[in-house]
Each structure stands twice: as C-alpha cells, then as structure tokens.
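Worksheet: the structure to be examined is printed underneath.
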Amino acid sequence: MSFTTVDSRWSDVWLAATARGVTICGDFLAATALALALQGAGAGGLAVSGLLLAATLPLVVLAPLAGRLADRVDSRTLLVTVGLLQAAICALLAVVDHPVLVVGLVTLLACGLAVTQPCLAALLPAMVRPADLPRASAISQTAVSLGALGGPVLAGLLVGQFGTRVPLLLDAATYLALVVAGLLLRTRRGGRRPAAAPSDQAAHGGAASSGGAANPGGTTTAWRLRRDPLMLVMVVSTAVVIAAIGGINVIEVFFIRETLDGSPTTYGLVSAAWMAGMLPGAWLAARVANRLRDDAALVRGVLATLGVCSLMVLLAATVPAAGLLVPLWLVGGAANGGENVFANLLTTRRVPEAVRARAYASYGAAVQGGSMAGFLIGGSLLAAVQPRPLIAGAGVAGLLVVLVFVPVVARAIRRPLPVLDRAVDGPQAAVDRAATGPQPAVDRAAAGPQAAEPGGDERQPVGADAGLATPGRPAEPDSDAGDTVGSWLSASHARGSGTSSS
C-alpha cells in the first residue's frame, strides 16, 4: 500500500477561517449586548445564566443527532441551509422584545450551531495534510479569536449608542459569511457521493480523500469514545474543569460593573483580553504540537493549560480594579488557545475520518454540559454571595479538579486499548505489527491499515479505509471545536473552555 501525495488546500483553510471569524464576531457582539442589556435592566444572575443555558442546551441535547447529520449530509448543503436559517432567526431576534420569544429564538440559533459546529470542525482536517494540521488549526483559532476579540469591544461601544437592535442585526448579517463559505469551499465531506478510485483521487489531487467523497463505511465506524482512554480522559477532565470555573461567565459582568465599578466599555475590553490572549497561545501551541510525537503528551498539554486557566481565574479575585484583569485574561486566553489546539489535534489523530464530526459533537456536548453546570452554579450562588468570593472559589475548584485528574491521566496512558479498538486497525496493521513487533497502546489507537508503510508520505490513505484516523504514527484540530465554534453566547470560549469547533 502507498499514500497519495497531495497538497493542502490553503485557500479553503483561509476561506473557512474568515467565515468563522466574521460569524464569531457577530455572535460575541450579540451575546455581550444581551448580557449588558439584562444587567442594565436590573436582571439578576439567574436571568443571565438562563439566557446562557438557552444558548447551550441544544448543543448538548442535539449532539448525537447533529454529529451524525454532519457526517452523513453534504457539508455544502448544511452550511448554506443552516446559515440562511440562522440569519433569518437573528434578524427576528432584533425586533422582538418579549423575554420568552428572545429565549426561544436564542435556542433556535443554538440548534443551528449544534449542526454547523461539528461540520466545520471535521472539514478542517480534510483540507490539509496531517503535517500541516497544527498550522491550519492555529489559523482557524486566530480567526475565531480575532472575531471574539472584536465582538465584545463593538458591543460595549454600540449598546450605549443604539441599544441591542443594531448589534443583533449585525449578527444576522454575519451569518451570510457562513453561506458564502459553504458555496465557495472546494473541500466537501459527508453525503452519499461514491468514493473515488485511488487513481482518480491521485489525478485530482484533493486535499484529503475525505474531502471529496463519503467514506464507504466498514471498520471505521467501530470507534467509540468510551473505548479510547486518552480521548475519554481528555473530554471528561475538560468538561469538569469548565463546570468548576464556567460560572465566571455569569459572574463577570456583575464583578466588573458593580464590584469594580467598571463601565460597559471596560467590560467589553476585559472580555476581549481573553480572546486576544488566545491568538499567541494558539500559534505557540501549534509549534509545540509539531514536536509532540505521542498522544499522551497532548493530553498532558490539555491538563496543563486547563490548570493555567483556573489559576488566572483565582488570581482575578484579588484585583482592586477592572483594568488589572486584562493581563490575567491575556495569560488565561493564551492557555485556552493552546488547549483548543491540543484537544483538536488529539481528536484528529485518534478518530477515524468517517465519524469525526460525531467525535467533535460529543466533545462539544461535554464542554457545553460543563458550561451549563457552571452557569447554573454561578447564577444560583450569585443571588446569595458577592462576586469576588465566587470567583476565588471557582479558581480553587478548577485547580483541584486538575490535580485530581493528574493520576487519572497517568493511568489512562498506561491502559492498553481493548481488543475491539485494535481491530479497527484492519488486517494489514496486524501483519505489520507481526513484522515490526508490538506497538505501544497509544500508537495503535491512531494507526490505520497502512500504519507501517515504509517511505509513505504522511497523508491520509486513499481507498476504502481512507476514513481511518491519521495513519503512520501517533502524530498531528479546530478548533474550535474546534477549535470549534462554541455556543452562540460564548460557552465554548468561556474562561477555561476548549473547542471550536464551528
């Protein structure tokens, strides 16, 4: 067997990243505007947490269905259709005032994100060669961070001048960027297009075999999260840490505006600092990731960055002025950006392409579930406790969770994969292992049928097993995600959260 040498589609990477950055900017613009409007109207922490829950619950409940939909339906059809629906829903959100209608429309927007998020996250690995994936992930994370950086700042400036209607209308317009990207992207996945023959794939030189045809099935569908110890511990640890510190998203607006007497503009600038830190964090993590040759190191990186995020939240409780939150949020954002890259890269290495959207949806559901728990805890406690001690408690809880998971990660690294998981490698991998000796469990998890092919380009194989996880090594999404685009009300870019993937 041999690998087909093809080039990465960088034009698709930049197009998708630009569309994501624009839509994220609109989402954070609207989210910040609504949070400021609720606080200004005298609403309490439960009201803010309720709105955040409305934007998060569909991403958790619909994750299994949305992941399968993103794997089985043509990505172009999904992006165009859902993007148009989201634009219409957000336009309606700008003209309604009743709280029930607002919550209902926010919930519908989140239903759309539940589909587009894993769809876009799974497209990124199909656009580039495995060796280029850390760079592509950093580009995507940069676009998301720039969009999230500008959204809160614009909201702080626009809400005081125009109220919430203008920010919401701008958010509706940004969803059209998603539609344009869906129409122009050459890389596609999902659908029922027949898989091309190897000779055809080589002739066309697509960025990834998965980008142009649906995987025909076979052993690639045998992957399950619960059978992969490294993926499982990464997902669970991230979700629990986010549950511990996620309440900061509800508490922050009251901490800055009331405890620290900050202005709406100050609140927007402080919120933007976290996103600004994600920019260098993602690129630094991409450089580090290229040197990490085993998946266990990526899991350790995820745990370390979660610890840094928790520490910054703890230190935030000590500041006497809102401006001092900026350097803390810059460091926390850098750790968050690194966590996104490590988590996305681990997912791409270990999950077969044919079910990758389902994996991203499962990871996103765990992250959003942790965010929901944090919202509920933060909103409930805010009614009885001042913001400062709540922030300190959240930081301490996050650090304790990280410490608890250190031995759990160590055990997961030593744990061998079940026989059923090793069967996913296919018959050729068994022949290769017999010739080369036993592989570590971590290596076997990422191995494909051509895993030991000598002299092959580090590329996804072409043919019936092209949907297996990145072959040839435990090597090299989005986030953010991917990294993935998170909840419409910033749940996936919550303090300490990971993903991406829109």
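Positions of Cβ are set from backbone N, Cα and C atoms, glycine also.
TrEMBL has this to say about the protein:
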- 1-410: domain 'Major facilitator superfamily (MFS) profile' (DOMAIN)
- 12-38: transmembrane segment (TRANSMEM)
- 44-66: transmembrane segment (TRANSMEM)
- 78-96: transmembrane segment (TRANSMEM)
- 102-126: transmembrane segment (TRANSMEM)
- 138-160: transmembrane segment (TRANSMEM)
- 166-185: transmembrane segment (TRANSMEM)
- 192-218: region 'Disordered' (REGION)
- 193-218: compositional bias 'Low complexity' (COMPBIAS)
- 230-255: transmembrane segment (TRANSMEM)
- 267-286: transmembrane segment (TRANSMEM)
- 298-322: transmembrane segment (TRANSMEM)
- 328-347: transmembrane segment (TRANSMEM)
- 359-384: transmembrane segment (TRANSMEM)
- 390-410: transmembrane segment (TRANSMEM)
- 432-502: region 'Disordered' (REGION)
- 445-454: compositional bias 'Low complexity' (COMPBIAS)
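Of the candidate ranges 12-38, 102-126, 138-160, 102-126 contributes the most Cβ pairs within a distance under 8 Å of the transmembrane segment (359-384).
The stretch in closest packing with the transmembrane segment (230-255), judged by the count of Cβ pairs under 8 Å and taken from 102-126, 267-286, 298-322, 390-410, is 390-410. Cβ atoms under 8 Å from those of the transmembrane segment (298-322) belong to residues 230, 233-234, 237-238, 241, 244-245, 248, 256, 260-262, 266-267, 270, 285, 288-289, 292, 328-329, 331-332, 334-336, 338-339, 342-343, 345-346, 349, 388-389, 391-392, 394-399, 401-402, 405-406, 409, 412-413, 495-496, 498 of the same chain, restricted to positions at least 6 beyond its ends. Note: the stretches the transmembrane segment (328-347) and the transmembrane segment (390-410) are not in contact (fewer than 3 CB pairs below 8 A, sequence gap of 6 or more). Distant neighbours of the transmembrane segment (138-160): 13-14, 16-18, 20-33, 36-37, 124, 166-167, 170, 263-269, 271-272, 275-276, 278-279, 282-283, 285-286, 333, 337, 340-341, 478-480, 482-483, 485, 490, 493, 500, 502; these residues of the same chain sit at least 6 beyond its ends, with a Cβ under 8 Å from one of its Cβ atoms. The average pLDDT computed for the domain 'Major facilitator superfamily (MFS) profile' (1-410) is 81.
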